[in-house]
């Protein structure tokens, strides 16, 4: 996307953010919104910094992710002020001077020391809603994170602007580039570590830049939902590959999962194909007015139907759901909101004034319980796994006869399957952000 088009989209995005901030400040009774970018700080008993992570509330306003000790100040009716920390430092690379599509929309002040920000922040700290972590405290400017302000801003973050959708699309393109390289490395017999390195090289991002730790799981490791160990030697024989990996674009995240079989003629490949087709249908059901909780329950029924067809279950999908057996094979939620954060905020919010929509009973890991509305971007990530500790619970709970254990043993060496796309809820049909990028890659 060209800079002029991002310039126009950013201008509209900024109008949306200022309108939201106006309302949030009014609800909280504050005169100014003050957002620190966050600071670097040392690891315990060491002189090395933890990897820096920018405050999500800061990067909502600015496409800046590597500017610690900086600040965003917004006062209703005025242009946003950016206090940009650019130190004199010959030990490290300092941030480049502000440039890009956003600079003409803000008043920018360069500081060389963190405490120089004090002269540029609003005079009365008590009139400021300061959104940040405790380490960002500067003099009297202590992050207070007022709940009415956070409730409103975080609830509204579910509704993506056109600018945000553009950056999410860029993040998709970067991640798919990595996924294609990772699949090629798998087909070439690389180790998990080698596949991970191929992914990072293709995306052009290291572990600190990626939005989350890559899940690169070969064979049985696919049964560990968040497997991040990265084995140095490829297993023999090589059976399967599950990759859950994303990319970052100006502070916005992608989150994509694919599963591959080494043998395209195997039963496991057929099971992948069935889950993939079901996942595509689930994504098409992302529509305004649909309760995401129901999509999650429907996903359980669809996946258990597949396991019944493949001879893994001996009972109906409905019986598997009612008895909790389905949770042994599909133990996580269908998905979550995504945007500035991989698991974006306010997935349980009852309204922009707070409150919580509870998860369905028996589904403790679902991360989104809201009714879908236009502008929301969600992940759709059904999975089927063969996890010993969960399957043991099925036996302990007296449901051993509901499972064909011979079929389970046949699939266990492959670990599991997960397919994940990002989908936009619109006024009409769902827009899958992920599939077209794979098709074009």
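One is the number of the first residue shown, and numbering goes on along the chain from there.
A Cβ is built for glycine as well, from the same backbone N, Cα and C atoms used for every other residue.
Residues or ranges marked as Mn(2+) 2 binding site by Swiss-Prot: 244, 255, 420. If you look up Swiss-Prot, you'll see 255, 336, 381, 420 marked as Mn(2+) 1 binding site.
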Using the recorded Mn(2+) 1 site (255, 336, 381, 420) as reference, state which further residues of the same chain have their Cβ within 8 Å of the centre of those residues' Cβ atoms, listed in sequence order.
244, 256, 257, 335, 338, 379, 380, 421, 422
For residue 381 (Mn(2+) 1 binding site), what is the secondary structure by DSSP, using just helix, strand and coil?
coil
Cβ within 8 Å of the Mn(2+) 2 site centroid (244, 255, 420 excluded): which residues?
215, 245, 246, 256, 257, 379, 381, 418
About how far apart, in whole Å, are the alpha carbons (Cα) of residue 420 (Mn(2+) 2 binding site) and residue 381 (Mn(2+) 1 binding site)?
4
Could you say whether, by DSSP, residue 420 (Mn(2+) 2 binding site) belongs to a helix, a strand or a coil region?
strand
When you measure from the Cβ of residue 381 (Mn(2+) 1 binding site), which residues in the chain that are at least 6 apart have a Cβ under 8 Å away?
257, 279, 332, 334, 335, 418, 419, 420, 421
Residue pair residue 255 (Mn(2+) 2 binding site), residue 336 (Mn(2+) 1 binding site) - Cα distance, angstrom, rounded:
10
